[in-house]
Amino acid sequence: MPEPVDAGDLPPADEDSGDEETQKTELTGLFIERPPESNVITTGTDMVFIAKVDSTTLTRKPSIKWLKGKWLDLASKAGKHLQFKETYDRETKVYTFEMKVIKAKVGAAGGYRCEVTSKDKFDSITFEITVEVAEQEDVDILSSFKRADGGEDDGNLDFSALLKAAKKKKKSEEPEIDVWELLKHAHPSEYEKIAFEYGITDLRGMLKRLKKMKVEPKHSEAFLKRLEACYSVEKGKKIVLTCEVFDPNVQVKWLRNGQEIKPSAKYIMECNGNIRTLTINRTSLADDAAYECVVGEDKCFTEVFIKEPPVTITKLMDDYHVVVGERVEFEVEVSEEGANAMWFFEDIELHKDTDPAKFRMKKDGRKHTLIILEATLNDIGMYHCWTNGGHTKGELEVEEKELLVLQDIADLTVRATDQAVFKCEVSDEKVTGKWFKDGVEVLASERHKMTHIGRFHKLVIDNVKPQDAGDYTFIPEGYALSLSAKLNFLEIKVDYVPRQDPPKIHLDTTGNMVSQNTIIVVAGNKLRLDVEISGEPPPTVVWSRGDQVISSTEGRIRVESRKDLTSFVIEGAEREDEGNYTICVTNPAGEDKAMLFVKIVDVPDPPENVQCLSVGEDSSSMTWQPPAYDGGAPVKGYFMERKKKGSSRWTKLNFDVYESTNYEAKRMIEGVMYEMRVFAVNSIGLSQPSLTSKPFMPIAPTSEPTRLLVDDVTDHTCTLKWLAPDRIGAGGLDGYIIEYCKDGDTQWVVANEELCERQNFVVRGLPVGEKVNFRVTAKNIAGCSLPAVLTQPVTIREIVELPKIRLPRDLRTKYIRKVGDKLNLVIPFQGKPRPVLKWYKDGQPVDEKLVGVRNSTVDSILFIRSAERDHSGKYELVVQIENMEDRATVDIRIVEKPSAPLKVRVAEVWGFNAALEWDVPRDDGNCEITGYTIQKADKKTKDWYTIYEHNRKTHCTSSDLIIGNEYMFRVYSENLCGLSEEPCMSKNTAVIVKTGLQHKSNDYKEKDVTCVPSFTQPLQDRSVVAGYSTAISCSVKGFPKPKIVWMKNKMIICDDPKFIMLNNQGVLTLNIRKPSAFDGGRYSCKAVNALGEAHAECKLVIRLPTDPTAEK
């Protein structure tokens, strides 16, 4: 967001803004067209001001503000005299913002500002409007008495023109008055009266401006340095507000938004001399406020701005593939609760007020959801979610509703009192429908029952009657589709048959008979085969499958027999029921047989071996194998679905049946893991989904490497350098392949056996004198990129260059470092072919166990991890190519603090002076002694004071010594590293005596004050309540000072945090913290010195607290 600007930095609206161009800071230059800087309007006329913003580089829609002066937002003034308009050109991506002034008045004059903001970009422009009063003609009084809104004889009389003319004439005679000067000197009680008199309608805005008007700064006697104008800090970090006061002893108060701040763990106030600081720990958004430091009646102000950390998106948005009318919920998760997220459809921002009947936005903790209540074809596109630190997108695909018939209604033939069941299956579980018989809707009754379970719709007719025969139709609601079947009523006719009639089987080949003696049944459906038989006497019927006779009259597979009719029933047909069935009828007159083949058709098995063959930047090529079993009906095609790994929402890829077993999925997001599954479809229905494919990620090769160039050439090698590709993508970068070929040849040779992970490579084994072309290709998991090729061939030939050492400037003089420091000397050189490098110390080769050396083709590094005195010396680097060489010498000196001086002594004492002498230290720390520090101490107090610093000589004189005192002296030696660790004490002392005085001894005997310890106030017995801290006290006297021992039950109390023992000038106190029942007992105190000892004892009773309400 743009940095905050103090309102006091902007010029007032009525001041000349000619210098504003130099004060204004244009951060981005977003405006491509702006209003003129100076504009003149005549009163009563209109004028339009246009500003245009180019949004090609913006990530979101810019927001615009039109301001007058510094503070007045003109959006609140839109109406009769001021209108705003905004348009957008999709082709040029330019936003046009217009401000129209209608029938301008004199009050419209002043300075205006237009501000545009988009995420982290900001720009503003300023312009002036001058209003000129139109020349007034002579007022025609008669014409002023005109009728409003009508002709000559209708409407009301309008005197406004006459009144306006009179007002303008009167105003022109009055002298101009500066209203702001008048307000500054007026009492606050008169503000409203002045505003009414001079036509100021925005009283609140007037008071804000009047408050912010510049006031002549008063000289502050309380503050030497005030607080900064504003501070900025990231949320959760610490910030320190600092000011400097004139009086170091003065007390200050800190205020936040006018409320005094109390010291706490969050707010720490410190006073260090004249410096006063307020430290705010772990800042939050609540700390974004105005702060004051108050000294008496003087104050200094500042403002603290809290920057929120970027909010990232932790859960990405899923793609949706739905049909018209379905509900869509795009859901994301962000890193912080309560964070703001912005939703966009393509480049249009979606707000809560954007079509509330269609879009809804929900925020639950870290979850943000965009809900589309009913998707339409106009909603197809890309939806984006933006935070201030992240972005995600999801694609919505909407298809027209299309209903597939997975199982059609079959014709039925039933007998009287039997049950007829019509059954169909459609692709949508939510679809409802109606049943019709011969065009008339079938209503539910005791015999007619209609059910809808999932995708299946059934019409069941119990106790079939002849009038139930006819055409039955099922029509799904909302679709131009109908499914029809016929119900045939089987009427039994009894004819006269001779008594000796051989048996005969009458098979009906209509209905579900596909071919002669073949019956097709959908798996799960019921098969009821009614076969008429004839014969006299009535024949015996036997059903069999192969050699197995079916005689059961109950169960899933059963036989039902009646006179002249036999029925074969299979409830819920299964695949295992498919096969040849035989019916045999016999009587004394003969025998008849018929063979039936029952074919069970079902939905196919799931497709197998779904896998990804290849991937692209936003696509993948998938393949699979057809199902092992087609369900008894040919496979018509397939439906595909995909989802993001970890998500539970599957997106359909096709709504029409896809016939091939290879498919290219597109419009995927690079770098996101996907999974895919396939459904097979035949005339019966949709199979179960296949096993999910292995996760795959759409990725693409990188772009070609950039800035390929030759770094070095020898007789047989060439060194190449390049930079990484501009676009790497989600597949990352595994390495590079370097190839070369002779100029004029087309066969490229790979120079590296393994991928090169660095961005440089030495190609070896090249022919001398040949011109060779080189190219470099980047490779990742998706394959190789386009090659980066050198524009010209390279001639393989050694470039000879004499050896030369380029010694850095700081190494040309003595190089001094302290003991323990780390040394790392980098010395560049040049020379071709690669020279031989040697290091010497004081003429001998360096010991690599003590000193580390690393050499490259362009420099040599001498490093010492921890320097010691032994590392001092002259180091010489020799760079040699055959018989040519170059040398450079580095003088290294390792220094440390010196030892103490030797033999410090008082050489002479006279008057109030003492002369000191000493010898130089044994060890100067490997560098020159720069001086000495001398200190003195009175032998009574033994407090040391420095009398000389950086004294370069080995002697000095200490003056202004106090008569009667005896002084000791000590001396520190000093060099480049500092003072010596230990001083050298003077062997003798300096006694300053007063001449002519004699000591007169006392003629009295000092009093002996020693005494045996005794208690002047003994311990008293106490009774206390458990849980409340208590203390027991006594007092003792004795000299020498006695040692005090406290005991509990004759056990010494020591190192127990529960007890605190105090001794204040003989008053002894034992504090017991929160005693319990265990702490009761006898406590004693013993005082002991060399002359004897004394005891004091008391009893401590601990009472348990009682509940006063328990007795009641």
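Placement of Cβ uses the backbone N, Cα and C atoms for every residue, glycine included.
Listed features, source TrEMBL:
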DOMAIN    217-312  domain 'Ig-like'
DOMAIN    401-473  domain 'Ig-like'
DOMAIN    503-597  domain 'Ig-like'
DOMAIN    606-702  domain 'Fibronectin type-III'
DOMAIN    704-799  domain 'Fibronectin type-III'
DOMAIN    803-891  domain 'Ig-like'
DOMAIN    900-995  domain 'Fibronectin type-III'
DOMAIN    1013-1101  domain 'Ig-like'
REGION    1-26  region 'Disordered'
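Mean pLDDT of the predicted structure over the domain 'Fibronectin type-III' (704-799): 88.
Counting C-beta pairs under 8 angstroms (sequence separation of 6 or more), the domain 'Fibronectin type-III' (900-995) fails to reach the domain 'Ig-like' (1013-1101), with fewer than 3 such pairs. Per-stretch counts of Cβ pairs under 8 Å to the domain 'Fibronectin type-III' (606-702) identify 401-473 as the leading one among 401-473, 503-597, 803-891.
Residues of the domain 'Ig-like' (401-473) grouped by DSSP class, helix first, strand second and coil last, total 3 helix, 37 strand, 33 coil. Per DSSP, the domain 'Ig-like' (803-891) is made up of 6 helix, 52 strand, 31 coil.
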